[in-house]
Amino acid sequence: MNFATKIVILLLVAALILAVTSEKGDSSSDDNEAKETEGELPLSDFYGSCVRPKKCKPHLKCNAAQICVFPKTGR
């Protein structure tokens, strides 16, 4: 084997290793995306939904998505 062939094989092995490790990272990034989505509406978990029998706390109102939000900001 000449030097160029060794370099090509080394690059292929490195690409294979990167592909395998990035696939493992993708599954954990899905979990992170789910956590980020949960973090977008922090009041919904804390105050709950507006669906009966649960009601919003007095200083909040129910929006169209049935989530308790601040009346002025809608968040």
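From the backbone N, Cα and C atoms, a Cβ is placed for every residue, glycine too.
As recorded in Swiss-Prot:
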type	residues	note
SIGNAL	1-19	signal peptide
DISULFID	Cys50-Cys62	disulfide bond
DISULFID	Cys56-Cys68	disulfide bond
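Shown on the structure are the features that Swiss-Prot records.
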residue: Cys56; record: disulfide bond; CB count, 10 Å: 19
residue: Cys62; record: disulfide bond; CB count, 10 Å: 14
residue: Cys68; record: disulfide bond; CB count, 10 Å: 21
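Note: the Cα of Cys68 (disulfide bond) and the Cα of Cys62 (disulfide bond) are spaced 5 Å from each other.
Across the structure, Cys62 (disulfide bond) and Cys56 (disulfide bond) place their CA atoms 7 angstrom apart.
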